[in-house]
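As structure tokens, the structure follows; a few thoughts come after it.
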Amino acid sequence: MDSSSEKLSPFELMSAILKGAKLDGSNSSDSGVAVSPAVMAMLLENKELVMILTTSVAVLIGCVVVLIWRRSSGSGKKVVEPPKLIVPKSVVEPEEIDEGKKKFTIFFGTQTGTAEGFAKALAEEAKARYEKAVIKVIDIDDYAADDEEYEEKFRKETLAFFILATYGDGEPTDNAARFYKWFVEGNDRGDWLKNLQYGVFGLGNRQYEHFNKIAKVVDEKVAEQGGKRIVPLVLGDDDQCIEDDFAAWRENVWPELDNLLRDEDDTTVSTTYTAAIPEYRVVFPDKSDSLISEANGHANGYANGNTVYDAQHPCRSNVAVRKELHTPASDRSCTHLDFDIAGTGLSYGTGDHVGVYCDNLSETVEEAERLLNLPPETYFSLHADKEDGTPLAGSSLPPPFPPCTLRTALTRYADLLNTPKKSALLALAAYASDPNEADRLKYLASPAGKDEYAQSLVANQRSLLEVMAEFPSAKPPLGVFFAAIAPRLQPRFYSISSSPRMAPSRIHVTCALVYEKTPGGRIHKGVCSTWMKNAIPLEESRDCSWAPIFVRQSNFKLPADPKVPVIMIGPGTGLAPFRGFLQERLALKEEGAELGTAVFFFGCRNRKMDYIYEDELNHFLEIGALSELLVAFSREGPTKQYVQHKMAEKASDIWRMISDGAYVYVCGDAKGMARDVHRTLHTIAQEQGSMDSTQAEGFVKNLQMTGRYLRDVW
């Protein structure tokens, strides 16, 4: 390089470029600014840097031009606001209603989907009857983001129906809990619902003491706050045929809606309505394109790595420990299971419930495949819309599960062992090639066949597979089978039998095996209890069993003050939450807390067969986490003894503890034990407290209302 050549700074080069200097030494008479030979030489010497700078200038000029163009082209438009934050719940947005159109809203509170199905069925028939009406079906939890919005929106409602299930011992369903708390416990609003006409249908089970409590309370509260009831409250009983109860209530609805919604020129209300059979659109894709979906897919997804776990987003959890709790002398079985939640972010509280999704037994799945007459490797996907993306007719289809084989679908997603609903019988009838079988199915689903359906199917606990075997010509397509015949397999709930103070990375479950002969003669094997009994724990194999699980919070909690005395009553697997309670008390004691008296009434058949967790209970007793343990053995000695008998023997002690502020907890069977314990508690209050029957009843009810008498029953 010539020693006389100079290096230009970027600034000097840029100045030269902007003045129009040419690098090829062309005649200065061309458009441009003349530059001296020295400058030209310097530019040529720094040619690479010049190219970088010229490119940068071109890009800069281009950006400026685009900005000017966009600003000028948008000058006459409204400024776009930044998007709002995403709200976890999809709150229903208000929609504009054409003037002159009448509207009503159907709210549902559901745990297993039945109430939602009823709400959508009511809406579909109403749309067919009243073409000019605007009808909305709303998950009551999605109606509003907060209490203030609930009140604001309800004030605008003029016609509404509430289809509400009661869950457990008089509790609202998960999706109705927030609404129920606001509506029942809120401030006195006077007759703020005076413009609302309404009706309520409840879903419950008469075997529970607080039968249909949620529907009763909502119906009463709406009336108290000015609402006008246009149809009587009907309490559906799932212990019988709740479809018949809903059908009867629905028939009361139509005359009232005719008066409110029918126009003089509206003739649609007089036409006979026939409900369409729900059906998914089915696609049979190339399985090789979806192997990942088949391996990892689940109807509800998995939420590992996220912060929110619920029934729709469960947490995949390995089985860490499994052990049998009964002795070899027992002819029954009870399984203890540890779910490993370390590193998942899933947490729980003492007294909470765990929901577990389990697979159907292979023998059950194989029978279903045989009845459907389809190969198990059939790979398909379900869709609730048409190919062009528009929704299929009707709106009662539940969200479809991911693409999978028929075997996977029947294993994970189909409830095959419960008694089929009448709507399922009608769907089977529509695809029965034998006219006699079709007629028989239609009869069982009809009002005329009500008694025979109740006796032949419900009372005998006939399963869906048994019914399909009885009517072999019924071969529904997959879209109908999964939409209208086989309900979605539901999670099983268990009282958690551990405390996070003692087992922060494990959820313990105590599960009795369900293995019994039905009245119809079939051997019924519980889906989840059988799976748990056969689960392979991590301590035995790295290829261990796992299940999608989630935690459901409960109000079944120890008093905030550990010095408050507690009375616990729970025979059999009713011991589960109390094992967690005692672990909690032990941890508190080890931390130096002062504990109040704790008495536990436990019951089992025989000390040598089914006295579960005996060593642990004795340890809690010895170390002081438990003050007194009273065990009733129903199969030892000449007479059967149950927990209520032990309670009667300790009546004076129980009354003294209650008088000192004790909390009373009951866990176990709702149909027998819980009722007997409740009656015994009533008797103790009456006799020990010198009360008459009415006073004793009021006393026990007050214990419940103040949260000192809590039940976890099933």
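Placement of Cβ uses the backbone N, Cα and C atoms for every residue, glycine included.
Computed from a predicted structure; not experimentally measured.
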Of the candidates W249, W254, W714, which does Swiss-Prot annotate as part of the FAD site that also includes R492, F493, Y494, S495, T510, C511, A512, G526, V527, C528, S529?
W714
For A512 (FAD binding site), find which of the binding-site residues G168, N205, R332, Y642, Q644 come within 10 Å, Cα to Cα.
R332
Distant-in-sequence Cβ neighbours of Y642 (NADP(+) binding site), under 8 Å, six or more positions away:
P571, G603, A632, S634, M673, D676
Hey, how far is T110 (FMN binding site) from R492 (FAD binding site), Cα to Cα, in Å?
16
If I restrict to non-local contacts, at least six residues apart, and a C-beta distance under 8 angstroms, what lies near S529 (FAD binding site) in its own chain?
T335, C511, A512, L513, V514, Y515
Give the distance between the Cα atoms of Y208 (FMN binding site) and Y494 (FAD binding site), rounded to the nearest whole Å.
18
Within 10 Å of the Cβ of T510 (FAD binding site), how many other Cβ atoms can you find? Include all protein chains, please.
25
Position of peak Cβ density within 10 Å, selected from the binding-site residues G113, G168:
G168
Looking only at R332, T573, S634, R635, K640, Q641, Y642, V643, Q644, D676, which the record lists for NADP(+), tell me the maximum pairwise CA distance in angstrom.
24
